[in-house]
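J.: Structure provided below as structure tokens; questions to follow.
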Amino acid sequence: MTAFLQNCFAGLALGSTYALVALGFVVIFKSTGVINFAQGGLLALGAYLGYTFSNNLLLAFGVAILLACLVAAVVGAGFERLVLRRMVGQPPFAVIMITIGLLFVLEPVITAIWGFDNLQVRNPWNIHTVEVGGLVFGVKDLWTIGLTAAVVVGFFLFFKYSSLGLAMRVTAFDPEAALAQGISAKKIYAVSWAIAAALAALAGIAMAAGPGGLSPSIGFIALAAFPAMIVGGMDSPAGAVLGGSLIGLAEALTRGYQDQLFSWAGDNVSVIVPYILMIVVLLIRPYGLLGTKDVRRV
Amino acid sequence: MAKPHRDLVRDYRQDLRLFGSPTARAGLVAMLVGLVMLPMVVQDDFWLSVLVYVGITAVGAIGLNLLTGYCGQISLGHAFFIGAGAYVTGWVGSDLPLYLWLPAAALVGGMLGAVIGPFALRLRGHYLAIVTLGLVFIGEHLWRNWRGLTGGNSGTSINAQVALGPVDFNRVELAGEVYSRNQGYFWLVWVLVAIVALLVKNLVRTRPGRALQAVRDRDQAAEVIGVRAGRYKIGAFVVSSAIASVAGALFGSYQQFVSPDEWNLLLSIQYIAIVIVGGLGTVFGSILGAVFVGALPALIDRFGDAIPGVRTGVGGEGFISVFALNQAIFGVLIVLFLVFEPRGLAGIWLRIKAYFKSWPFSY
């Protein structure tokens, strides 16, 4: 039982990182209809910026996080402004490929600046753990879960009550009607890219501050967050959180019980569990658990 | 009575011809002559091997273009089918002759495509892209763990027979002259490029191909005019993955050794980059794109020393490795082409052609 709960906790910690990344996907998809494959690159960029701010410039960790999120947001919005704005009205395929192109440019730039070495981010939690009733919680994991929860709550409040959030919802629902009401779609698109990039940076630093440290392959986690977004439904923020938690739990539990239950499936089967879960969910609900059903009349 | 212009299309039958204009036919002859002559002129093993890889890539790219360019289905899973083709060759290639293992690879690829294809019916656009992305990862897991077939992480060697009757492509003897393995493979691969190109070109000009394009442009409208969109979507998947497996089979037999690291997402994306850079929905564009994108890494690899800032060896001078530079150039190419020339190299080619066609009235 202890082992099970311990695995669940690991799953939630992992899942909250997925949820942050998936939220970024959803924000961009909902307002602009684009799936952002470059999210992993932005995540890595954010993590490395966080490293520079906290280790090289010796800023306080909280300040480093904020600054990294800010710079990543500027990069995200800048990319939207420079490239994606020209792609309005192009087929979704072309736009997806543009974001893949961005990812391919970001990765070598990051390795050219910071190199391939594994770096350790200076963080206030070190590797401290808390023990409660036989369960061991990493302080850093607790912070990640708490931070994600706070961001998610803030996210929903922002969309529900702020005028910018309302404008974003309106633009997502019907861009032309929004324009007619004097909402600047350009501004909304740039803001959604900025928010997504900031979320990615946050997830990146949360990961990099962990025992795994920081290496160029950190952006890989964004690929595992795709299933989280798909499972939840591409246009549902709540779905992103739900999907992220589900995927994280499934992955951690598979890893925990691999030796006993999944030894026939080969090593590291937990890596592909998100994708298998995604395919199973899509077969039952092609629009995800909480996504909007795409109604088609033929 | 004045003679009509040589390019004037006067009836439907003419419009459907494979090689419409006399210029195109002359170009075809020139290409065939070039195909036969090139390995005799270029004997350098480096350039020949680059051209062989380009040809193999062109085969796969034509297949992907059929699916993505003509049928509008986004697939990031091409690497999976290419890998499957290579492993089929490793499995049966040493026992069966060339004319059996190549179709066998195509058959297995087609069957895998038929299994994955139905997903394309339920999912569209973005969802399909991500499911096929999942396919690459699941495939990689499979290749790493199915050790009997793939040799696990350490890879497996492939000893496929490459003889067609008396002609052994490892050592072609022609009119008393002996040609090397690279030269032999050049002919084998590029003849297959020609066959596949002809096959796909023929497919897309006839009813199924026009049905595919109708599905791409608007699948609901296609259904309304009597195209069974579902059948054609699965069909495109099957043919495309069969062709991909042929490319994989050629790759495996040429390289003689494959490991699971080769069938990753990067490979899929390279193929998509080729299709985009070459031109979506043109067979000729896929070949142009393969030449362009396939030759570029080889050039950078070869002349990396001459480019400032590029680090050629481990721990060498410079801030960017050859691999990283490659990747960055891919990224920039994809973005630039999509933004400024969405029709790709084939589009540029068409513009040049149109310029000369209307010369001296061009503006």
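Here the Cβ of each residue, glycine as well, is placed from N, Cα and C on the backbone.
TrEMBL lists B:21-40, B:46-67, B:74-92, B:98-120, B:127-143, B:184-204, B:234-251, B:271-299, B:319-340 with the feature transmembrane segment.
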J.: Which sequence-distant residues neighbour the transmembrane segment (B:98-120)? Criterion: at least 6 residues beyond either end, Cβ under 8 Å.
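T.: Apart from its flanks, the transmembrane segment (B:98-120) reaches 73, 77, 80-81, 84-85, 88-89, 92, 128, 131-132, 135, 160-164, 169, 233-235, 237-246, 248-250.
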J.: Is the number of Cβ-Cβ pairs under 8 Å between the transmembrane segment (B:271-299) and the transmembrane segment (B:21-40) three or more, considering only pairs separated by 6 or more positions?
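T.: As far as Cβ distances go (cut-off 8 Å, pairs 6 or more apart), the transmembrane segment (B:271-299) and the transmembrane segment (B:21-40) do not touch.
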J.: Taking 3+ C-beta pairs under 8 angstroms (sequence gap of 6 or more) as contact, is the transmembrane segment (B:21-40) in contact with the transmembrane segment (B:234-251)?
T.: no
J.: Using a Cβ distance cut-off of under 8 Å, indicate which of B:46-67, B:127-143, B:234-251 has the most pairs with the transmembrane segment (B:184-204).
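T.: By Cβ pairs under 8 Å, B:46-67 leads among B:46-67, B:127-143, B:234-251.
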J.: Using a Cβ cut-off under 8 Å, which residues of the same chain at least 6 positions beyond either end of the transmembrane segment (B:46-67) come close to it?
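T.: Same-chain residues near the transmembrane segment (B:46-67) but 6 or more away: 38-39, 73, 75, 78, 82, 180, 182-183, 185-186, 189-190, 192-193, 196-197, 200, 203-204, 212, 236-237, 239-244, 246-248, 250-251, 254, 270-272, 274-275, 278, 280-283, 285-287, 289-291, 293-295, 298, 302.
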